[in-house]
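A.B. asks: Please read through the structure below; I'll follow up with questions.
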């Protein structure tokens with residue numbers, strides 16, 4: 001009896017193991033995105049082993065955000081979602097050892113890659129030459145932020161985390177016309193880029209970028225798909241330039257949003273009533289009769305020793321009555337502008353682009369501007385600095 005019970009128990013265990021294997025096997029097959037998934041898995045592990053061997057000789061620099069995307073399924077998805085035409089020139093930033101580059105070369109007419117690391121450029125050239133595709137690849141061993149972008153149709157790139165903000169700014173505010181961009185970004189950064197008015201993540205980054213471009217979420221990417229594994233997951237987003245862009249001076253707009261979003265959850269009335277804020281605005285103005293020759297630019301910060309109006313005790317001690325009278329008049333003018341549009345009790349984090357554009361128009365019609373007369377000599381540096389300072 002005991003022998004028969006033991007045999008039955010062994011049979012049940014074998015049956016459970018067999019069913020478990022079948023379930024795992026079937027579930028894996030049903031979730032395959034490609035017909036040659038098995039070959040891709042083998043290729044994935046082969047390439048990863050090869051890359052790991054290369055990494056034993058090449059030290060990846062975390063300071064440059066060197067995390068190589070290894071999963072071929074993710075690489076294929078990025079290329080597929082980019083809608084690349086056979087006649088397209090694709091710009092890739094930070095190609096690394098070329099995992100994405102090789103995929104892009106399969107579908108695009110030409111790929112232009114900008115890579116700052118000479119070691120990566122050597123590996124990239126070697127891998128592309130092995131495929132016989134070197135004639136369709138141009139590589140610039142330069143800093144992408146300091147390099148003038150050549151003419152391109154699409155940007156497709158795994159963006160190093162440390163340069164995400166200025167690179168997105170350079171794409172959407174740059175002089176190059178483009179059809180779109182497919183970017184792999186840090187997940188948290190992508191969420192901020194996709195945020196809408198009223199969301200906790202809504203910020204000046206989203207406000208500035210989405211003035212001129214639409215941003216679309218594509219998919220999330222696990223940190224396990226990178227080598228070495230970063231600390232956070234990533235997301236893929238697509239950026240498309242808007243067909244119609246509001247008629248607004250970009251430098252004026254970016255300086256204006258900087259002022260409003262310094263304390264994005266405070267009311268606009270509270271933001272524009274702070275003494276330090278108003279003093280900074282007044283310093284940047286030269287008023288001659290009814291004509292304003294200079295404009296307003298604010299990048300102030302309130303420290304812990306300041307009073308509720310944003311003025312320290314030392315500032316209050318040196319605050320003359322004459323300046324106080326001028327400040328009160330200026331404050332009244334600013335608050336009147338806010339009240340005329342019903343903005344005094346509204347918060348920047350909940351305003352739409354249309355509302356922000358309306359408020360900026362009210363200030364400008366009152367001859368108050370947010371961008372100074374003194375401009376940097378380098379236009380691109382001015383755009384990046386004004387649009388994407390501390391967020």
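The backbone N, Cα and C atoms fix where each Cβ goes, and this holds for glycine too.
Got these off TrEMBL a minute ago, pasting:
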- 67, 69, 94, 115, 143, 158: S-adenosyl-L-methionine binding site (BINDING)
- 74-243: domain 'Ribosomal RNA adenine methylase transferase N-terminal' (DOMAIN)
A.B. asks: Among the binding-site residues listed here, 115, 143, which has the most company in the form of other Cβ atoms within 10 Å of its Cβ?
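C.D. replies: That would be 115, with the most Cβ atoms nearby.
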A.B. asks: Listed S-adenosyl-L-methionine-binding residues 67, 69, 94, 115, 143, 158 - what's their greatest C-alpha to C-alpha distance in Å?
C.D. replies: 20
A.B. asks: Limited to the domain 'Ribosomal RNA adenine methylase transferase N-terminal' (74-243), I'd like the whole-number average of pLDDT.
C.D. replies: 96
A.B. asks: What are the sequence-distant neighbours of residue 158 (S-adenosyl-L-methionine binding site), meaning same chain, six or more residues apart, C-beta distance under 8 angstroms?
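C.D. replies: Expected: 67, 69, 94, 96, 100, 184.
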A.B. asks: Starting from the Cβ of residue 94 (S-adenosyl-L-methionine binding site), draw a 10 Å sphere and report how many other Cβ atoms land inside it.
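C.D. replies: A count of 24.
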